[in-house]
Structures are given as C-alpha cells and as structure tokens.
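Peer 1: Take this structure first; my questions come after.
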Amino acid sequence: MGSMCSTPELLEQQKINTQIERQFRRDEDRELGNQKLLLLGTGEGGKSTILKQINILHNNGYTHTDLQNMACLVYSNTINGMALILRAREAFMYTLSSDELEASSRLILSIAGSGKDMMPFADQTYKALKSLWAEPNVRKTYDRRNEFHVADSFEYFMDHLYRVNDHAYIPTIEDILRIRITTTGVVQTTINIKGTLFRIFDVGGQRSERRIWIHLFDDVHAIIFISAISEYDQTLSEDSKTNRLKESLDLFRQICSSRWFLEASIILFLNKKDIFAEKIKKTNIRVFFRNYEGGNGYEESIQYMRQQFESFVKCDTLKKIYSHVTCATDTNQVDLVIDSVVDMIIGKNLRGTGME
C-alpha cells in the first residue's frame, strides 16, 4: 500500500496541475468571451443583496416556491433581531415597564436561535413582538444600535409585522431583498447579460472567509467592492474593537495593491446611502475621519469618503476606480448601475481584443 505522505515532488506537481487547470479555465473563458466577476467586501455590506438584484433583473428572479421557502428566514430574522435588542437592553440596564413585558422578553429569548415557532409566529409570539416593539426602553435600545449588532432590515420587518404574521404570508420581492443571510464560502451565479456570459462569485465577507479568495481568483476580469458607508460609527460583529468602515478601507487597500488583481477592473459601490443620509444628520463622519473638517452635509460627506477609497490607487498606475453611490435594495437604481458596469466591462474587453 502506498504512502499517504506528500513528497516535495508531489506537492510541486500538484501546484503545476493547479496552474495548468487555472490557465485552461482562463483560456476557455477568453475563447468564449465569458467575464469573471467577483463581489467582495466586508460582512453585512450588501454583497448578497446586490447578487439578489442581479438574479431578479437578469436571471428570472424567484419562483413562487422560492418565495414560500424563504418565509422562514423572515421569521428567524425578526425573532433573532428582537433577541439581539433585548440582550442589549439588559446590558444597557434599561428596565421593562411590566411583568407581562418581562415574560414576553423571556419568550423571545428562549425562541431565538432554536428554530422553533418560526413559521409562522404563534399568537403568543406575535403579541410578544408587538408589545415589546411598543415599549419605550426597547425603542431606546434600538436607537443605540450602532453600539451592538442588529440587521438594518429589522425595523422594516417590524413595520410589516401584521402582514408577515398572516398565515398565508408569502414574502414579496422587497422582503427577499431585506432578508439577512450570512454568506459562507463562495456562491457562484452564471448570468447572460447583453449577450455576454458573466460568472459572478459572491465570497463571504467575514474575516474567516476572506483567505478563500485572496489568491484563487487571479483571473477575474472585474471586482465589485461593496462598502456600507453608513457603518462609520459601528464595529465588527467578529471584533467589537474594530470600526467597520476602517475594516472596509483596509480590505479595499489590500485589493488595490494585490498582485493577484493587477489586471482586474475595480468597481466601488459606496452602499447603504439611504441609511447614511439619515445617520449623517445626527452623527458627523468626523467620529471616524478625524481629519474631516466639513459639516454634516450629505454630498460633501460622500465626496470625502469617495476620496478616501480612491486614494489607494497609485498615481503612477493606469488603474482606475469606477465608483457608484448605491442603495442595494433599490431595484431601479441597481439596474442602472449594473447596466453601466456591464457596458464598462464589455467595452474594456473589446478594446483589449482590438475589436472596438
């Protein structure tokens, strides 16, 4: 029986085989005119929402069965979101105004993460959610959500709680766009847009996921980097000491300077502009950008952020960043932006082949 140990010669051969296979795929894509597109960014920036939008706009969207099957995610997002707020309430030492609300809190916390009583809500669960959301100290806790982690879509689902609680409930397309699902590993989608086949890869944005893609996608044609600009006063879920926007800027800098992506076009989505527009009225971006001297104006704040990202491209290179300010849940806007991105990628490819 042969040895299971890997010799240096075997490891070298495996490396060569991998390079040959990668080159074969690269040549095949080039011959067929396929475009390889990578969606990158830190966790909860909106990558998966953008991919959902692309599916809706260019890949026949979701069937009735798909929508039915996603109802459980709406229930779990709502329950788990309320549980996060209730735990934060305890940490902030805010009290509840009645024994009934204390019982409701215990009920939600017992259900959260268990998978039970999620589709649809039991009457007791629905009443608990509704009464807790009306409690001033729960709302007071939610107003401090930059200090803990709860999905941006939580308030949306609470505002639609009556509809979600209907036993005949089927999620709408907007509901699907608001669902929070953590991407793990690599999700590949193949879509034909304007006669060009795009192989799109959505890669998990949590720190533990990033090592997967940093060297495996050296043959991509373009990178769409998505950063949630509204997160300038929040910290990572996996590291409560690190600012989310700092993590995003650091990751973007790595990508811009990486030898693996020298040939790739870089498209920047400054995402969650709707949330940013509301937050900037109360909290100046100076809480993170200490050198910022402007006011709380939306346009000047956005422009300053854009400049921080674009500064990572060295002036002595020909690389250009194509930036867009986006709201990933706005289908009409995403349609226009994706259309512009596709035209840019196809145009660059034609120029590269001398066909334009």
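Each Cβ is built from the backbone N, Cα and C atoms, and glycine gets one as well.
Just so you know, TrEMBL annotations never went through curation; they're auto-generated.
According to TrEMBL, the protein carries these features:
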- 44-49, 152-153, 177-183, 202-206, 271-274, A328: GTP binding site (BINDING)
- S48, T183: Mg(2+) binding site (BINDING)
Peer 1: Can you tell me how far the Cα of A328 (GTP binding site) sits from the Cα of T183 (Mg(2+) binding site), in Å?
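Peer 2: A Cα-Cα distance of 16 Å.
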Peer 1: Using all protein chains in view, find how many other C-beta atoms are within 10 Å of the C-beta of V203 (GTP binding site).
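Peer 2: Here the count is 22.
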Peer 1: In the structure shown, which of the binding-site residues L177, I181 has the fewest Cβ neighbours within 10 Å?
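Peer 2: Among the binding-site residues L177, I181, the sparsest Cβ neighbourhood within 10 Å belongs to I181.
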Peer 1: To the nearest whole angstrom, what is the C-alpha distance linking V203 (GTP binding site) and T183 (Mg(2+) binding site)?
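Peer 2: Per the Cα atoms, V203 (GTP binding site) and T183 (Mg(2+) binding site) stand 7 Å apart.
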Peer 1: Going by a 10 angstroms cut-off between Cβ atoms, which of the binding-site residues S48, T183, N271 has the sparsest surroundings?
Peer 2: T183
Peer 1: Once the chains shown are all counted, how many other Cβ atoms turn up within 10 Å of the Cβ of E44 (GTP binding site)?
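Peer 2: Neighbour count, Cβ to Cβ under the 10 Å cut-off: 22.
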Peer 1: Measure the Cβ-based neighbour count of A328 (GTP binding site), defined as the other Cβ atoms within 10 Å of its Cβ.
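Peer 2: There are 25 of them.
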Peer 1: Let me know the DSSP-derived helix, strand or coil state of N271 (GTP binding site), please.
Peer 2: strand
Peer 1: Would you mind pulling the DSSP three-state label for L177 (GTP binding site)?
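Peer 2: The three-state answer is helix.
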Peer 1: Work out how many Å separate S48 (GTP binding site) and T183 (Mg(2+) binding site) at their Cα atoms, rounded off.
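Peer 2: Spelling it out, the Cα of S48 (GTP binding site) and the Cα of T183 (Mg(2+) binding site) are 7 Å apart.
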